[in-house]
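First the structure, in the form of structure tokens, and then the observations on it.
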Amino acid sequence: MELQFLGTGAGQPSKQRNVSSVALKLLDELNEIWLFDVGEATQHQILRTNIRLRKVTKIFISHNHGDHIFGLPGLLSTRSFQGDVGPLTIYGPPGIEQFVKVSLKVSRTKVSYPIKFVELTKPGLICEDKGFRVYTDRLDHRIPSFGFRVVEDSHPGELLIDKLAKYNIPNGPLLGQLKRGDQVTLADGTVLNGKDFLGAEKPGRIVTIIYDTRSTPSIARLAKDADVLVHESTFAGDEAKMAHNYYHSTSVQAAKIAKQENVKKLCLSHISARYMGNKAKKLESQAKKVFPNTILVNDFDQINIPMKGSEK
């Protein structure tokens, strides 16, 4: 599991930062990639990575402001040229389906694969697929905006080989069944329950994506115990009043949430163009005073998310 940031800027593209998009790479887990927001020129950014659009199966849109959706029609069109790509699902606020369909219709663009739209209107579970669940909750922005919480199911514990030694079970299907927690019957009639021979479950990983919003209680619910929290940081910590007036957040507000909700790593994104170059480091340094494991991400940065217990 890995995050790759395709755009980390706010409002408009700059020479240093493109507008919002981040890819959650689940290649080892599902052989899929999920995108969160698709700002203008996201597909150009993808060309500079090893991401293949045929692997993109789900797109989650936080809200319908242009810097988060203007790249969507072009990306969907280009995906048609990737061969047999399979269906794609887009999750987003009311209006995203209309935006996509009108854009494709007016440009007379035909896509070669089915697109399913899931409209976000209320908090809760929106996706459950092959060991992963995605939850959403409303944020506080000028227009309807949603945050996302991706939760991986727990993994079975290790098979306790020493505990099984007395049964002299050879390598083969029976051990595989026991490792899955199944019940098996040995040649002598002994019945073994696989769950009795497994170590403690390994908790799944949690990734939370919070784009445009000002401080609001729903962020805490989405961020709780996250391995990685991606949080918008449009303004510096000493500009909380301005952030509130413009329905955005500061780096310090993001850090406080990370500390309060037992987050492991905080990634600051959605950086205003007013913080160019080294000025952006101000946001990171302010946040680190509150939550040390903070990183200010740049376009194309990659964040590995190891299994719990395997961190180096």
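Each Cβ is built from the backbone N, Cα and C atoms, and glycine gets one as well.
For HIS65 (Zn(2+) 1 binding site), other Cβ atoms within 10 Å of its Cβ number 20. The Zn(2+) 1 binding site annotation in Swiss-Prot covers HIS63, HIS65, HIS141, ASP212, and the record cites sequence analysis as its basis.
DSSP assigns HIS68 (Zn(2+) 2 binding site) to a helical segment in the three-state reduction. Other C-beta atoms found within 10 angstroms of the C-beta of HIS68 (Zn(2+) 2 binding site) number 26, with every protein chain shown included. If you look up Swiss-Prot, you'll see ASP67, HIS68, ASP212, HIS270 marked as Zn(2+) 2 binding site, on the strength of sequence analysis.
Sequence-distant neighbours of ASP67 (Zn(2+) 2 binding site) (same chain, 6+ apart, CB under 8 A from its CB) are GLY9, ALA10, GLY11, GLN12, VAL19, SER20, GLY39, GLU40. The active site, proton acceptor annotation in Swiss-Prot covers ASP67 and is backed by sequence analysis.
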Residues close to Zn(2+) 1 site centre defined by HIS63, HIS65, HIS141, ASP212, Cβ within 8 Å: SER62, ASN64, HIS68, LEU139, ARG142, ILE143, SER145, TYR211, THR213, TYR247
HIS63, HIS141, HIS270 as binding-site residues, winner by CB count within 10 A: HIS270
Environment of ASP67, HIS68, ASP212, HIS270, the listed Zn(2+) 2 site - residues of the same chain whose CB lies within 8 A of the CB centroid: ALA10, GLY11, VAL19, SER20, ASP37, GLY39, SER62, HIS63, HIS65, TYR211, GLU232
Other CB atoms, at most 10 A from the CB of ASP212 (Zn(2+) 1 binding site): 27
